[in-house]
Amino acid sequence: MLISKTVLSGLALGASFVGVSAQQNSTRWPLHDNGLTDTVEWDHYSFLINGQRHFVFSGEFHYWRIPVPELWRDLLEKIKAAGFTAFSIYNHWGYHSPKPGVLDFENGAHNFTSIMTLAKEIGLYMIIRPGPYVNAEANAGGLPLWTTTGAYGKLRDNDPRYLEALTPYWANISKIIAPHLITNGGNVILYQIENEYAEQWLDEETHEPNTSGQEYMQYLEDVARENGIDAPLIHNLPNMNGHSWSKDLSNATGNVDVIGVDSYPTCWTCNVSECASTNGEYIPYKTLIYYDYFKELSPTQPSFMPEFQGGSYNPWGGPQGGCPDDLGPDFANLFYRNLISQRVSAISLYMLYGGTNWGWHASTDVATSYDYSSPISENRKLIEKYYETKVLTQFTKIAQDLSKVDRLGNSTKYSSNPAVSVAELRNPDTGAAFYVTQHEYTPSGTVEKFTVKVNTSEGALTIPQYGSQITLNGHQSKIIVTDFKFGSKTLLYSTAEVLTYAVIDGKEVLALWVPTGESGEFTVKGVNSAKFADKGRTANIEIHPGANNVTVSFMQRSGMSLVELGDGTRIVLLDRSAAHVFWSTPLNNDPAEAGNNTVLVHGPYLVRSAKLEGCDLKLTGDIQNSTEVSIFAPKSVCSVNWNGKKTSVKSAKGGVITTTLGGDAKFELPTISGWKSADSLPEIAKDYSATSKAWVVATKTNSSNPTPPAPNNPVLYVDENDIHVGNHIYRATFPSTDEPPTDVYLNITGGRAFSYSVWLNSDFIGSWLGTATTEQNDQTFSFSNATLSTDEDNILVVVMDNSAHDLRDGALNPRGITNATLIGPGSYSFTEWKLAGNAGFEDHLDPVRAPLNEGSLYAERVGIHLPGYEFDEAEEVSSNSTSLTVPGAGIRVFRTVVPLSVPQGLDVSISFRLTAPSNVTFTSAEGYTNQLRALLFVNGYQYGRFNPYIGHQIDFPVPPGVLDYNGDNTIAVTVWSQSVDGAEIKVDWNVDYVHETSFDMNFDGAYLRPGWIEERREYA
């Protein structure tokens, strides 16, 4: 709501600001709160938390894509270490609700409460986005799969059936979150309603209301409020499409407190052609214009990006390893600074950590990996993009004046080079300015040198004044500051980028950085002398004393150098590589801590935390190898502990402690061997009895789905039979006749990259192998390769995999058989249809891993993939064999148990590699093919969908907690051969990295790996 408070964007800057006063914006912007609390406020400039302005820099991760609660701390510590002030999560209604009326917020990773307590403990604000629809390339966009039958109406509108279905989840999750709101002493600052739902108007120009959409949004808001949510409500419009839910545009039903915009300027998928209709022709590094849109959409609210591109998902058939080429460190450098140039003051990267689509969590668009080319990779490694993002997030955290700026210009007129554009941002209260420089044509990758005209408190200047020109080298942007406060000091200007600062023993330590080999220049006010404390790694050094300032010009080679000013202020000069491993680590858990109560550490791969106990400085973090470390800390520090061990200090001169940490940590995996194998498709045998609890007889004659099936059979859609994910098995019978059928026509829908195979009386009659984009297939299969029975029923078996439910309105698209028709000289009908479900159907026998982990294969139903299963029916696989093979068409399960013993103090990242015959892997000695589908299970978790005929993913990271790092690990692989020529795969595992770490990777994760239970036998 609008309230009477206002913030004046004033002119009180002083006459010394040449040419600035005339440009200042004197608009009086209203200061808003939601009428329930003023703990979180906002205006045209930024969010205010407890009265203090914040530049909110956040990033997203999904707890349900890393189902190990102990590792959530690992991720949050890495997010905190980089300088992010916040993080964001989606909740997942479908993950928490296996059946109507049932909610699970307790078992394993379903209990996400620890994320909110960790946010408080570690010191990060939290943006929570509970849906009920989240998209997220999740199965059905995060809706429970039991809602996809059509029985609940259109979904995502005010249909009473849908509202009744969602209310238990929505009310309960609001109650769970409420105690952790910032208004109740927690760190949750914003609560999102729905997701990318630009459905407020039937006609935006006339504001003809979309009543169903408005009432739906209002209902969600009301229920959240009724259940304790008093934080500001937000929403994220997609891709500058639409003008919904903004209080600045209307007083219509359903408006939220703060509206934001999601944008993926490169493309949200590696297949960039999918984004052409939204972003236009794909041009690498071409930025988009948000400034004008925000002025139109939300002029009295902060320019807010609840999702900005942190990477892209890799679709079926996409490149092995993802699409990082145009989404790497250069992307982070250019695009995130470009947002700042457009006055965006609240950013959340999607994704900061992507994780894994284990089980059947993925939508039809993606395979197992959800790495997303994120700054933190799927295996939790910090990649170069993380460090390149970190040098900006460290800056925005301490650049307090950046949270209130007007954009006074944006053109090439500031620059001496017409190829370089500059946006001038200025704080109307302090006069601090930020000049964001980039190529005028952002896709340009040229090297450009230039000077910049700036206005400062000491007049108009062209900078640098003495040194070499500023350089933009390729796809790069730089933020040049003027009148920048750090502690009690002021930078008149700096052409080197500010990284961070700290006030230690009452003296400022400022870190500046330039790319290796480039020049920088800075002027500090209030002091007129400087000296280089370390000249060993710089060149072309010039010091220019002034009457009341000192200017230093430098060219930075690799590493770190130190300049000391006459009053004891220290300036740390860094090249890019050194800046990447220069950490600003607070001594407290205040998310807003900026410069005080901070130590600076250079060298480690990661610094997680710092604590000063008496004169003991205790640091925790990770080391890749032997590393020389420099620590800027109070002079009172008498000892340094790293990960609980006292270090040997080499030097402690001038308040800089140097030491060497770590060694060359190593770990070798045991060989995976001892495989045993069994049939996992007994259902094709004529003597198989489909009478166990796994089977349901299809008797329903009318479908609730908006896409009705053919009327010649009962409803064969899996969801209407309480079966939702994975592989599905149909078993149909039809009688023998004198003029038997010759073919069967099948029309099956399974989503992108799905497939199916068909058997008649145990004889294989064909497969649809699928494609990366085909969601439905109809095909006629001949019976010429099968033997029809002359005196008893014939048995037709269809095995399909349901790749997932579609997103948005497509969630209602059916899964399963739409039409099955016998063809021949006579008239035929099936006697009976049965479907095999997962063990327990919607009453899952394994609530820890449920409800998206298991399908209906025999091996899954009886629990061969689970720890503790006695594999008595198995056959030994030859110890000389490096391959798992299936002769002919069929499905087999392979299983082994391998122990691990990872020493305490190591973070060992492990990935499985699955390969099949191809021209780039290996040639099968027996002529087996890659026409197969395999599922990788690790201690009961399905952690890999391997479809070599379609997809290119071969590496499958599996985290500790799923893997038992100090015990036996049950590894199972189901191999579905879809060809008469048989199939072959090789399974191995590799160490991705080994780090010495403070993080306890030997936590007790046994509760996450429940074993086999006897009840499984009832689903054979």
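Yeah, the Cβs are placed from backbone N, Cα and C, and that goes for glycine too.
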Per Swiss-Prot, cysteine bonded by disulfide to C323 (from C267, C270): C270
Substrate site partner of N135, A136, E137, N195, Y264, Y372 (as recorded in Swiss-Prot), chosen from Y90, Y95, Y414, Y435: Y90
Spatial neighbour of Y264 (substrate binding site) that is closest, considering only the glycosylation sites N251, N410, N919 and their CA atoms: N410
Top Cα neighbour of N919 (N-linked glycosylation site) in the set of recorded positions E307, C323, N747: C323
Number of other Cβ atoms within 10 Å of the Cβ of Y90 (substrate binding site) across all protein chains: 25
Pairwise Cα distance for C270 (disulfide bond)/Y90 (substrate binding site) [Å, integer]: 22
Helix, strand or coil at N172 (N-linked glycosylation site) [DSSP, three-state]: helix
Least surrounded among the binding-site residues, given as Y264, Y372, when other CB atoms within 10 Å are counted: Y264
Integer Å distance between the CA atoms belonging to E196 (active site, proton donor) and E307 (active site, nucleophile): 10
Rounded inter-Cα distance in Å - A136 (substrate binding site), N819 (N-linked glycosylation site): 31
